[in-house]
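Shown next, in structure tokens, is the structure this report addresses.
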Amino acid sequence: MHKLVLIRHGESTWNLENRFTGWTDVDLTPTGIEQAKTAGRLLKAEGYEFDLAFTSVLKRATRTLWHVLDEMDRTWLPVEHSWRLNERHYGALQGLNKADMAKQYGDAQVLVWRRSYDTPPPALEAGDPRSERGDIRYAGLDPEQIPLTECLKDTVARVLPFWNERIAPAMRSGQRVMVAAHGNSIRALVKYLDGISDDDIVGLNIPNGIPLVYELDDDLKPLRHYYLGDAEAAAKAAAAVASQGKA
């Protein structure tokens, strides 16, 4: 049996301000730092060990991983960063307040933008200063690989190659793996692992900073999954994520 630990970054500054974040590189809040440290202490107390960790190129995920590994006294662990684990790109919504958008466009429209499988938000213009196409961390990519907006379907399309080419082979070789990423890149992985339908994925919300454990068979098919720690607290945190896009 293999175990895979997924963890969404701790609360970010734009989570706190209820803004669409996407690829914008915002930092953790003090609460987010403490969430990450708590996760690390919990993983250590439960006896988890890792051989390799994967994360995105956005600081809220990378710093979450730092704090987790620091609490586990495993800061030497090999870490691989990939843009493919970045959050879903929210296009022209990036930086805007979710509740304000709900007041302007209605809760239903914002829910579609936030959670539907195949409907992207309005795209950024290529020359918009919010676009990441001039960011040095993506210098090795073709401009067309850097999105101007994404739906979850698009996020799945960029996350799954990384699963197939890096995460799954590492696990099959016997390595114990943790992935510190984002709400929608984790939703993409969960959708794939659990075979969640395009319609049902709308209802899945990933809470900040709580380790999600998957137990997988030799073919990396899920046997079960669960949040570490207080299950009721995890459910409440997921419900709070769901309510962010309401007026």
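Cβ atoms here come from the backbone N, Cα and C positions, even for glycine.
Keep in mind that this is a model prediction, so the values were computed, not measured.
Quick look at what Swiss-Prot annotates:
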type     : residues                                       : note
BINDING  : 8-15, 21-22, R60, 87-90, K98, 114-115, 183-184 : substrate binding site
ACT_SITE : H9                                             : active site, tele-phosphohistidine intermediate
ACT_SITE : E87                                            : active site, proton donor/acceptor
SITE     : H182                                           : site 'Transition state stabilizer'
* Residues satisfying Cβ distance under 8 Å from G22 (substrate binding site), sequence separation of at least 6 -> E87, R88, H89, Y90, G91, L93, Q94, E150
* Counting only residues 6+ apart in the same chain, whose Cβ is under 8 Å from the Cβ of E11 (substrate binding site)? -> L28, T29, T31, G32, Q35, N208, G209
* Long-range Cβ environment of W14 (substrate binding site), under 8 Å and at least 6 residues apart -> F20, T21, T24, V26, G95
* Asked: What are the non-local neighbours of R8 (substrate binding site), defined as same-chain residues 6+ apart in sequence with CB under 8 A from its CB?
  -> A181, H182, G183, I186, I206, P207, N208, G209, I210
* To do: Starting from the Cβ of G183 (substrate binding site), draw a 10 Å sphere and report how many other Cβ atoms land inside it.
  => 22
* Asked: Reduced to three states, what secondary structure does DSSP give H182 (site 'Transition state stabilizer')?
  -> coil
* What kind of secondary structure is R8 (substrate binding site) part of, going by DSSP in three states? -> strand
* To do: Could you state the whole-number distance in Å separating the C-alpha atoms of K98 (substrate binding site) and H9 (active site, tele-phosphohistidine intermediate)?
  => 19
* Number of Cβ atoms other than its own within 10 Å, given for H9 (active site, tele-phosphohistidine intermediate) -> 31
* What number of additional C-beta atoms lies within 10 angstroms of the C-beta atom of H182 (site 'Transition state stabilizer')? -> 27
* CB contacts for K98 (substrate binding site) [other CB atoms within 10 A, all chains] -> 22
